[in-house]
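Per TrEMBL, the feature active site, nucleophile maps to 376. The L-glutamate binding site feature in TrEMBL is assigned to 108, 394, 395, 396, 418, 446, 447, 469. If you look up TrEMBL, you'll see 9-31 marked as transmembrane segment.
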């Protein structure tokens, strides 16, 4: 016979057992790794194959967020030579948690001193003439001098080793090598790097590409720093000589006079967060306007919501036609400020109707055509102490100017193609934007938006950026919306199919497997649709979501692949 006391003890034991099982199940489902969500103190995400591990190795040496970022970026330039490298430039957004300081570094390529507004009228923007003055190494060293802890040489050594021993060809690079094989085979400086001498064909996925000339260049830069390029050093002399040999106009004086800019980021409030992103000549103001247009107008009706998002894209890209390098355009300062203002967005929202769209450029504020940019690679780092940085780097087109400085191994950018040229009316009868005309030392307009989003407690919440030209800004906006408003995992927000509208052309571009019901709803409202096949590509987003100090999700885009790493 069970006594009342024993019966009570059994009941208590059963209840305790049920609670323990329930807690175990909760912990299993909440904490399991379903979406690359890992509990570590630091995280790195990169477009480069294996490059995030190099960044992590800097943390293992007690390096800072900037140390890890620079080491990762140098590797990225080897893994993604079609998109970035020492011959290019970048935009960075940096957050220092201990002080709450947020700052942007603009190290974008600039027009040479001999450049003129009409230099490409009735001419093709190609070869050495297409190269802008590179800012990559100057920018890296500016970051390191201010925020680095490890020696400069320590950051470069892993990439020197990769140059000498070989960097593995990723699937994405292999696709681009095959796509551009005719060009590569016909340009000696490209052929020397990207054609396998054993087969006479471009390298394939899994092969190793050795770059001894670039390795030698990096050894000199590791020893001499930026002076090797920008202050009369041997690398700068050889680089200028080779650019001129390819028909360019960059001189040693251009390199000596090149400067990076420390500036305030484009900033806005987004729900309970603060968004810090790239200012002009980046497209941070465009991103902020999109976010401000949609954040107070969220609906559970998917057709209406995506129509509102597309209309936000159209209004933001309409105003983008007036933007350029703000250092040369004091008259656009008010517009740039307005584009990060919630009250400005609220007023503009009155032009959005839930039932129809307008297929007229001027309705959305467009007065000019803007150039379509290309290329790029993006990465983000959260350090163990909560500091955070997002960087987007580029040489513009695929393999940049499609020329290499053979004395240095540096692939040249073709950033001059991002400027607008007088007299060239585009296919939609819009004249070129005077705001983006060429001037010496001016930087062309870019779609890059390296972004750090901070919560109300001063903790980094989301680091995000993208590679892929004009679609960068809309891709980042969609991922932010789906992650921070729709509460999707970051993996879902980055992996899910996307839409894009840049106003010109007047069409919604969509990935092949985007929701058909939503597309039908957009078409019903008057949006012309155009499917973009997978081989033509959408922007590749990379991001890190910080749920709390030790719980993170680090994601690269399957459209391009990449690498992630965590510390410790």
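Backbone N, Cα and C define each Cβ position, glycine as well.
Sequence features, as recorded in TrEMBL, placed on the structure.
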| residue | record | CB count, 10 Å |
| --- | --- | --- |
| 108 | L-glutamate binding site | 31 |
| 376 | active site, nucleophile | 28 |
| 394 | L-glutamate binding site | 31 |
| 395 | L-glutamate binding site | 34 |
| 396 | L-glutamate binding site | 30 |
| 418 | L-glutamate binding site | 30 |
| 446 | L-glutamate binding site | 30 |
| 447 | L-glutamate binding site | 31 |
| 469 | L-glutamate binding site | 23 |
Query raised in the report: Roughly how wide, in whole Å, is the group 108, 394, 395, 396, 418, 446, 447, 469 that binds L-glutamate, by largest Cα to Cα distance?
Result: 15
Report task. Translate the DSSP assignment of residue 396 (L-glutamate binding site) into the three-state scheme. Result -> coil
Query raised in the report: Which of the binding-site residues 108, 396, 418, 447 has its Cα closest in space to the Cα of residue 376 (active site, nucleophile)?
Result: 396
